[in-house]
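Straight from TrEMBL, the features:
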{"type": "TRANSMEM", "residues": "B:12-32", "note": "transmembrane segment"}
{"type": "TRANSMEM", "residues": "B:38-59", "note": "transmembrane segment"}
{"type": "TRANSMEM", "residues": "B:71-93", "note": "transmembrane segment"}
{"type": "TRANSMEM", "residues": "B:113-133", "note": "transmembrane segment"}
{"type": "COILED", "residues": "B:136-163", "note": "coiled coil"}
{"type": "DOMAIN", "residues": "B:157-236", "note": "domain 'Signal transduction histidine kinase internal region'"}
């Protein structure tokens, strides 16, 4: 049996996936959810093998929902958005269905999942999966003590690498997110956020002063009083972003 | 032209000075051949050239600010005549002042009085004609440039509008709903196909030039909401209401629908659960006022990319009426309100 959850904010769209799945006797639909929050709950409860996931949904997008999961099931995206370009990232997408899709195209995606199911470690990198949004994200979605927080990127002061996590320093305080620096570098607006150091990404609007520091290094003073080091490779990037 | 030469910004002035020197030497030789000593001839030509250059400079400045239109030939002739007289007499008096004893020269000059005046006049006239040609050419170029710019802007606006009308997201999701309905309820699917076709047909046919009645607009909006309700019927409620004498009001097509689409989008994607949207039309003084209120999440931020479609409407209102004050928005903790005012006494068939 393959446990499946369908997450789509349009009931008819979810129903279509359900109808298509009825052709596969091994597929068992455990839940149909209409937003990312319901999706998170259902995934926690049912631990599905596969989810069908819409991208544009209320409050949080399908991508943002995935970011909040500790263990990600295999994903087949279903979306009308061809504006999203594919880009390499480490999510578990098996395939990407553009709405409206045919029964044959759907079957292809599902069979692809079946074939991959045996060797789990192939799934993550199969398709160049995490799909880049048509523009930079203006917010960060994260989990804080079982509560989902949506933080506008203008409220983010700087980010700091912390092993497998990233510390996000915001107006409201410090938050953790289980993602890489590379991830944040990719999703945040490059006009506002610059990776000035291997371990630091800083919000340009927060910088009050740039000071020389040790040998050919620099130190940024932020409005909040925090100090952020700038590396040799980070300095030219910072200069360029500030138009110096 | 002369003012350009005197800016010394390019190599033009080398050439200009060379030409002036050649001219001085040539004319001086000519005068010399009539029996005037070479030094006096050179001096005479230099003085006159200097005054002439000054005169040209004057002419150029006059015609920069004043370009005669068509019939005013007399006014146009006044400038070269007066400038040539000025050049002639300034030249003559300064020469008399400096060369009191040169009998040969003075005799020649008194004989050639009118010839010299005429030559100076001809030079001024030629220069005037050149100036006028140049200014005409420049105006024509400017005209052409402006026309091109207007055309480009119009095309841009049209494209923008087209893109705005055919929201791919709306279209593909609607098609997907039809695909789904075909399985479960073919009759509803057919109904949706017809609704969608009608909506698209109306969208394509509409242009800014012909305003439509409020009744037509309402039918169009109901069609649109009908399609959205097939997709989101479980969450979406849209109420329409009218206040005052709105029956006679008219409005440009496709102005309200994008706003409503925006309101629906921000309601549906900003919040969980039910979304109530209110659209009201009222007649206030010389305006048809449209208000759309939708619930939203001020904290939401943008998931990425999509800017607020309000800018497009603001731009269109400006293109239609040349005013920036017709669109107003207001946001409180839970509701987002947008209001547009459509002037009713405006020439409805006017377009750029």
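Every residue gets a Cβ built from N, Cα and C, even glycine.
Scored on C-beta pairs under 8 angstroms, the neighbour of the transmembrane segment (B:113-133) with the top count among B:12-32, B:38-59, B:71-93 is B:71-93. Non-local neighbours of the transmembrane segment (B:38-59) in the same chain are 2-3, 6, 20, 23-25, 27-29, 31-32, 79-80, 83-84, 86-87, 90-91, 94-95, 98-99, 102, 105, 120, 123-124, 127-128, 131; each lies 6+ residues outside the stretch with a CB under 8 Å from one of its CB atoms. As a summary of secondary structure, the domain 'Signal transduction histidine kinase internal region' (B:157-236) carries 65 helix, 3 strand, 12 coil according to DSSP.
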